[in-house]
Amino acid sequence: MQYLTQEQAIKLDEELMGKYKYSLVQLMEIAGLAVAQVVTKEYPIEKGNKRVLILCGPGNNGGDGLVCGRYLSLFGYEVTVFYPKQSKNEHLQLLIKQLEIQDIPVVTELSSFEYDAIVDAVFGFSFKGPVRGIFKDIFSHINSLKVPIISVDIPSGWDVEQGYLQDGIQRCDVLISLSAPKLGVKNFKGIHYLGGRFIPLELKDKLHLILPYKENELIVKIN
């Protein structure tokens, strides 16, 4: 399995949206659906995992979380989106409106963390530490819980190339790497999936990426 540096991950996204004409909207939709599929696979409703908290950051990773929340609601989960630092980006605001129209709570404060699973969609591969402000307090509280955590692309607060940092998410049970895994999760010991199947075959071959999907799979376990 090949692991991407931060620079490689950024250039990959640029090429997807440049030469291959993907929009950010498309990438978020495909990524968010993949995350939702991982949640249903690892924490199915029939095993008592109905209440899911989606913790969203202000950037694109948070957008993936918003999309994930919409799909999980369609799949029958009781979803709450915790979005303490909302972006004014037009597309992200549209994603919020979609949730609100479908009566999916989007909140900026939480009085309880009593959920069956938490989706960590705060910081992605563009993050450069350290963790500051409200998210430092949120991560500290989440790290004290025993609720399963599913991280999107990389556990929030980790260095994209060096891995775990003290003020980030300390315990990630399930990780879904988008496009290709990042260098900072090379030694990740939890359940690891690959998702976000939007890399054209030509680009895959050019970058020598190993993407072990079979036929019509949108997610695949890689450990």
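The backbone N, Cα and C atoms fix where each Cβ goes, and this holds for glycine too.
Annotated (6S)-NADPHX binding in Swiss-Prot involves ASN60, ASN61, GLY62, GLY63, ASP64, GLY124, PHE125, SER126, PHE127, LYS128, GLY129, PRO130 plus, out of the candidates ASP103, ASP116, ASP137, ASP153, the residue ASP153. Checking the candidates SER87, SER144, SER156 against Swiss-Prot: the one annotated together with ASN61, ASP120 at the K(+) site is SER156. Annotation note: ASP64 ((6S)-NADPHX binding site) sits in a helical segment as assigned by DSSP. Around ASP64 ((6S)-NADPHX binding site), the C-beta neighbours below 8 angstroms that are at least 6 residues distant in the chain are MET28, ALA31, GLY32, VAL35, ALA121, GLY124, VAL152, ASP153, LEU178. Working note on the binding-site residues GLY62, GLY129: by count of other C-beta atoms within 10 Å of each C-beta, GLY62 ranks first.
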